[in-house]
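Working notes, structure below.
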Amino acid sequence: MKITRLTTYRLPPRWMFLKIETDEGVAGWGEPVIEGRARTVEAAVHELADYLVGQDPRRINDLWQTLYRGGFYRGGPILMSAIAGIDQALWDIKGKVLGVPVYELLGGLVRDRMRTYSWVGGDRPADVIAGMKALQAGGFDHFKLNGCEEMGIIDSARAVDAAVARVAEIRAAFGNTVEFGLDFHGRVSAPMAKVLIRALEPYRPLFIEEPVLAEQAESYARLAAQTHLPIAAGERMFSRFEFKRVLEAGGLAILQPDLSHAGGITECLKIAGMAEAYDVALAPHCPLGPIALAACLHIDFVSWNATLQEQSMGIHYNQGAELLDYVRNKADFALEGGYIRPPRLPGLGVDIDEALVIERSRSAPDWRNPVWRHADGSVAEW
């Protein structure tokens, strides 16, 4: 069996799918994308195709090492996202060839169902509460919310009070009938994060995500030492070597690698094992499409320390396509009381509607991150 072609499809809302074809007619799908940098990742995928065409897709480990070590420069979001999507597609092919889901190739199930959570957007508490209630009616009781708007390096007591008041109102609306994490998106400096996290403690959020940027990861241990709230991070770390440093430094209670950014299934399986050795939970980051979610689920179902899985059903920025619009076997990804069952089909278990993918790719949006600015005109963290 040999790889014959790689084809990429940029799609609404802001995703990109990859199809890898073989000379035996078996094809695999992956999802290599950085939202706002899809064209850049697409170029990287096709540049890496030179290492893949003519090779046996079943030699996943060898191909992964070739893509990673075959150049002098390595790592980073662009290259690792390209490798991630390729890796997903290779596992999809191998599972289809052998007639089993990918999790069977990774040792089999450690659980029968996986708890998921929903991301709820909105800045006004009333909007957030309404969104949570709608999802709660559908069986969800775990959520993730924005922790705050962008903050300056040293910001005002008013900004801190506004962020805390918002969380207090949400907690008052639900009591302890729901759990929610707070995502700061690295928009807070370490001095402000210390103040803000301490003020949020009475409202007992499930976790505090990315209180500071991954580039400031040395702050995680210091922040964790000053609070009883679990600190989560990892969506902007791209290899086991980056995760190794934060695990050794301590401070993180939850790792959140992204299966479409951190080298795919091959790399994230290693990251999950490293996290377990440090008694750290796993909650893969996944605001993307169905292939990325399926890849996450295969890691979740073989990793004992996997606790929560993010998914993007109903997320406010899925404009132009919903999570399962490009999937034929939608029932296989049905949620039951906030839980999802293991994929049942061979490979990743996603039956992609290729005709729809081709059609929608003809009008793909060229989405870019908006530039935000502070009141003084300086650029704010996105």
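Just so you know, the numbers here start at 1 and follow the chain as drawn.
Cβ from N, Cα, C; glycine included.
Proximity of His185 (active site, proton donor) to non-local residues of its own chain (separation of 6 or more, Cβ distance below 8 Å) is seen for Asn146, Gly147, Glu209, Glu210, Glu381, Trp382, given in sequence order. As annotated by Swiss-Prot, active site, proton donor applies to His185, with the evidence given as similarity to another entry.
Under the heading active site, proton acceptor, Swiss-Prot lists His285, citing similarity to another entry as support. Here His285 (active site, proton acceptor) comes close to Gly234, Glu235, Gln256, Pro257, Asp258, His261, Glu310: these same-chain residues lie at least six apart in sequence, with C-beta atoms under 8 angstroms from its C-beta.
If you look up Swiss-Prot, you'll see Asp183, Glu209, Glu235 marked as Mg(2+) binding site, on the strength of sequence analysis. Taken residue by residue with DSSP, Glu235 (Mg(2+) binding site) is part of neither helix nor strand, so it is coil.
The annotation site 'Increases basicity of active site His' is assigned in Swiss-Prot to Asp258 on the grounds of sequence analysis. Every protein chain considered, the tally of other Cβ atoms within 10 Å of the Cβ of Asp258 (site 'Increases basicity of active site His') stands at 28. DSSP assigns Asp258 (site 'Increases basicity of active site His') to a strand in the three-state reduction.
Among the features that Swiss-Prot reports, site 'Transition state stabilizer' is placed at Glu310, with the record citing sequence analysis.
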Around the Cβ of Asp183 (Mg(2+) binding site), the count of other Cβ atoms that are within 10 Å: 24
For the Mg(2+) site built from Asp183, Glu209, Glu235, further residues of that chain with CB within 8 A of the site's CB center: Lys144, Gly181, Phe184, His185, Glu210, Ala232, Ala233, Gln256, His285
His185 (active site, proton donor) - helix vs strand vs coil (DSSP): coil
